[in-house]
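Have a look at the structure below before the remarks.
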Ligand SMILES: Nc1ncnc2c1ncn2[C@@H]1O[C@H](COP(=O)(O)OP(=O)(O)O)[C@@H](O)[C@H]1O
Ligand SMILES: [Mg+2]
């Protein structure tokens, strides 16, 4: 499996994602510039965290107009896996690949800390190595991670099991329904505020994020559902 | 914007506007008579004023700084460049420097702190290094009035705002609170980078005909006279006259960082030298680059990218707009460099050339606005000798009997002490810093030092910032020794061998002989400790005139120290690990109460003289502890600092579910004594014999780790029991509670 | 010719605005009981040349494409007087 | 009685506004050459009871105390129509 890591001006978790995939998981990963117009040859796309375009205007708002984004949209429409982490999640919502939006944290401050999460949906290509309702711990690091969607959208997300991760002990940012990560209806585009790539090595004190990557790399047959 | 009509050279001579810019009459006369042999024009006078300011020339502190050791076999680059470099083997180096942004932060705390961070990051990547960590050292007034709370919130937000956006983790630092910093907070930031030794850069402009290129953000009227402003003390009156505040753009700097590193790592053949534009912007970067290489330079100011209309030569040269760098590019490669920067969406413009003649020639709107010898700005500064006098308060103190807390109710005292802001948890602030980005942070904020893994090797570095103005105030020499020693003990407690330091010397007005004496003595003390530890000073920064309305801060030298772990897995944290492990106190405890947290808490003021101590003995102790750790004998370690043994013991349990049962061989109040150079370590039962043999009488067994969540203490004149869950709560909630309280 | 349009962007009523709340609280605690509520919004002063495209059209295009996130926000605009 | 005042806060002219620059660039690259420049500002809609203190006084007090950073910013305000 060959994974594209999209690099926007201001992305800064690109290296972390690369190291998690390459050094830790032994996967083939490659940086792809926002200026590129093709994703040919890639089997999965990941959009890393950071401050694309300085988070000016709204997080992810300007990045979504890059050359590469129509290609990411096509890639997603073809049912191939797309993962957006933190700023990547924000970009996916701005691009309309995921519903809703991410607002300023209720506490108005940037927060970097480990949060408890429940895996709400373990039947996605990214989470099928977790147990249903498993409690895991992943770091967050964001100022704008408060998930918002209108009532009907929220109801639909819940009804269709599109909420993948939920904050468990404490809601750090005011997200509606304690949402930390959601997947699209077809089950191939995941956006999450917590950083699984920061939790893949025992040396750094946490390996709870590793299975997001190993699940995808193992490709446990869940894509068949994604491709309608 | 109105274009100011500039004074003629004759008018300058008569009206003496330079006095307000910080140039003395003696200096002006020297420039006119000895250096130029004519009257300097408006622009030239401005250049001299800013380049000869303390901030750029160190004219007052230079003599003192020479006392610092700055070489050993590991030093690849000492003071004099953007940052110092130290060899860590495998062809790699660690690059680091600290810088103060006290005055800008007092005026505009968010932007001041943010641009302080931005500036120190540029110093690191101007050397060709990838920044890998940030630390800070912050000193504020007591958390009681809304102004202080505002300053704290904004400064912390500014530091986080810049570092987080850059993707450089803020991994540690220190924060203290004392009324002396209320109007003059100290905001020091340190940046650490990693470099391939083959890619080391210098800020030099050599090779006749080579291009001087400007890259990055456009120039505006920001912070004009910022550098000279930093060199004169504040009074409320001046505060209203300040010039435009510099605003940072970390997004721009992130692009600049990536572009510059691409240039320095992949295109060394295009590049001759690189330097950031920091204090005194274009003038200081360009003339330093020329003077270091013994070159001349001409600049065409019309080519400087400008954000505002009608800027004068003076304004263009002195602007402190952020996120700009100056390059010297080999003739013929200008296009390639331009293209490289354009790919990042950045301006890159040829603004001048290196010349044969040794003069500094500036053209603006068809006129020559400056024509002076390059070295006159950088090398001919009149160094000022200063008068020194031991402060009267010290003489008075030495005649008084030493302060002693008397018999204490230990548990109650300890509970109260855990709530002192200087000791209480800083998590509510450090949590707003991204401490993990780059995924190399093995130990982040909240331990003795941060530990950062070096990828592709088995190594790690440990980093800490320390300073204790209270001790330096009572005795600058001994306090200076302790400042360096405390940094070293923090590294050793993290498992690292200290390598080198950077510093920020935050002092008052050096024209006051007592302040100058403090500066000199503190540097002597720091230098002595550095020599004993073999940790040279490879970079640093001086911030003088830290006074407001005539009252100086405590003299507060900040030490930033970097250490090496040859095996990352040997890192240590203070947290105890398992029931049954034995706790040892390493180092002797005396009656050291002058300038301590207990003195401040109980009396509200500082008094007394510090007891001097032997650096030789202490440094030998550090070496033994490192040896013990390398032999795998230590499970956890913590050095003792503010609050003494009592506080350290609680800190070792805060992040565990365990307790301690101990008996200490001295009186209750001595639990709060702050004798420097001490540690507590925990040792697994099967390692105790080997540990005892190695440490000998230097280590005293205190007791063991228990499963009960309490600190049970026996001491010579009593016993105490502290509920650790309660203690943790007090420690965690103290600062959030103070920050929320109404005035 | 150049005209200036000011586009006002605010959260929809139903969206909680933590900043507005925090500012209201802060202002009241500073001793302003006369202040009942503060809402925060942002505005964009757009300087544009209406020769090829009407102001209304430019404004609606750039708002929809970029300036406004319709999940959360709504907008209005007005033309600014020249002397402004 | 309740009145509404709108306080507009903008950067002073000489202060560098990176956000405005980034948005201008983005809008232009989206195919809007007719847009020359975009400046960003924020506004506060203050709902207040002018019984005890005049609107002008409240506005100037809260602007100075909290809403405006005079190192960098300036402000203006206007009264909003009731129907708004
Ligand atoms: N302003 C700050 N920024 C980042 N980390 C901080 C800051 N203040 C304190 N810390 C962290 O809190 C911990 C305790 O700090 P301090 O009490 O100064 O430790 P020590 O006495 O061991 O030097 C350290 O890990 C330090 O990194
Ligand atoms: Mg310590």
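The backbone N, Cα and C atoms fix where each Cβ goes, and this holds for glycine too.
Feature annotations, courtesy of TrEMBL:
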- A:86: active site, nucleophile (ACT_SITE)
- A:195: active site (ACT_SITE)
- A:197: active site (ACT_SITE)
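Distance from the CA of the residue listed as 'active site, nucleophile' to the CA of residue A:195 (active site) is 7 Å. Cα-Cα distance from residue A:86 (active site, nucleophile) to residue A:197 (active site): 11 Å (rounded to the nearest whole number).
Under DSSP, residue A:195 (active site) is assigned to coil, being neither helix nor strand in the three-state scheme. Other C-beta atoms found within 10 angstroms of the C-beta of residue A:197 (active site) number 30, with every protein chain shown included. All protein chains shown were included, and the count of other CB atoms within 10 Å of the CB of residue A:195 (active site) stands at 28.
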